[in-house]
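Listed features, source Swiss-Prot:
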- ASN6, ARG17, GLY191, GLY212, HIS213: 3-amino-2-oxopropyl phosphate binding site (BINDING)
- ASP8, HIS9, ARG44, HIS49, THR99: 1-deoxy-D-xylulose 5-phosphate binding site (BINDING)
- HIS42: active site, proton acceptor (ACT_SITE)
- GLU69: active site, proton acceptor (ACT_SITE)
- GLU150: site 'Transition state stabilizer' (SITE)
- HIS190: active site, proton donor (ACT_SITE)
Amino acid sequence: MRLAVNIDHIATLRNARGEQEPDPVAAALLAERCGAAGIVCHLREDRRHIKDLDLARLREAVTTKLDLEMAMTGELQEIALKTKPELITLVPEKREELTTEGGFDVARHFAVLKEFLKPLNDNGIEVSLFIEPEKKAVDLAREAGADLVELHTGLYAQKELENNTDLELQRIREAATYAKSIGLRVVAGHGLNYRNIGPFREIPEIEEVSIGHAIIARAVFTGLDEAVREMLRLIQ
């Protein structure tokens, strides 16, 4: 299993003082040196953490894989086509939320989604949809033109706090198995941390996990290099 490191909260920390440090690009390069297989950043519509300049600099610097998380808007589509990350992940977005609260509603946006994805597909940019671990969502993601799906693990993380993860883990496992069986690649993310990541080693269909907040929080105490390496030890 591979690790993609989300560096959004390096930018959050920088923006808290309106300064230049810490630098998200420096964090991305360090994560890569420590074994991360990809770097994730979310260019939100309100630019609350990652800024346009950060994205441009990340595109120049990242040598593994750059995964741009974004909402389905014309502005961000143009930015993606110009920047050409290896992967874009479409996520739902609400201005009032602290973090992404759920999976993309593929059924609701299906007709528009197919048209939105076409120029990205045509320009060689792989597309992932951040979805709930449900068979219908997986089917629609494939039909819309996604190359892979990122299964939303937020409810699993919430259940972990309640010591009640079995049903949600089974739902994720079944969705991953089904997605793989119909030709989609599978990754997972949201709320994963050093306590709850272990069971994902037993789901071979999930090829990568995307983790940000837990790693950045651990890095405050251990340093980013050790935080990344510790997570890699847990997933490999």
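Backbone N, Cα and C define each Cβ position, glycine as well.
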Once DSSP output is merged into helix, strand and coil, ARG17 (3-amino-2-oxopropyl phosphate binding site) belongs to helix
Could you state, as a whole number of Å, the largest distance between Cα atoms of any two of ASN6, ARG17, GLY191, GLY212, HIS213, the listed 3-amino-2-oxopropyl phosphate binders? 26
Which of these recorded positions has the least crowded Cβ, counting other Cβ atoms within 10 Å: HIS9, ARG17, HIS42, HIS190? ARG17
With ASP8 (1-deoxy-D-xylulose 5-phosphate binding site) as the reference Cα, tell me which of the recorded positions GLU69, HIS190, GLY191, GLY212 is the closest one. GLY212
Within 10 Å of the Cβ of HIS49 (1-deoxy-D-xylulose 5-phosphate binding site), how many other Cβ atoms are there? 21
A 10 Å Cβ contact count, applied to the binding-site residues ARG44, HIS213: which residue has the minimum? HIS213
Under a three-state reduction of DSSP output, how is HIS213 (3-amino-2-oxopropyl phosphate binding site) classified: helix, strand, or coil? helix
Which recorded positions are spatial neighbours of HIS9 (1-deoxy-D-xylulose 5-phosphate binding site) here, meaning Cα within 10 Å, out of ARG17, GLU69, GLU150, HIS190, GLY191? none
If I take the alpha carbons of ARG17 (3-amino-2-oxopropyl phosphate binding site) and HIS42 (active site, proton acceptor), what is the distance between them in whole Å? 20
Hey, which of the binding-site residues GLY191, GLY212 is the loneliest by Cβ count within 10 Å? GLY191
Distance from the residue listed as 'active site, proton donor' back to HIS213 (3-amino-2-oxopropyl phosphate binding site), taken between C-alpha atoms, in Å: 9
Say we define neighbours as other CB atoms within 10 Å of the CB. Which of the recorded positions ASP8, GLU69, GLU150 has the fewest? ASP8
Would you mind listing, in sequence order, the residues at least six apart from ASN6 (3-amino-2-oxopropyl phosphate binding site) in the same chain with a Cβ closer than 8 Å to its Cβ? ILE39, VAL40, CYS41, HIS42, GLY189, SER210, ILE211, GLY212, HIS213, ILE215
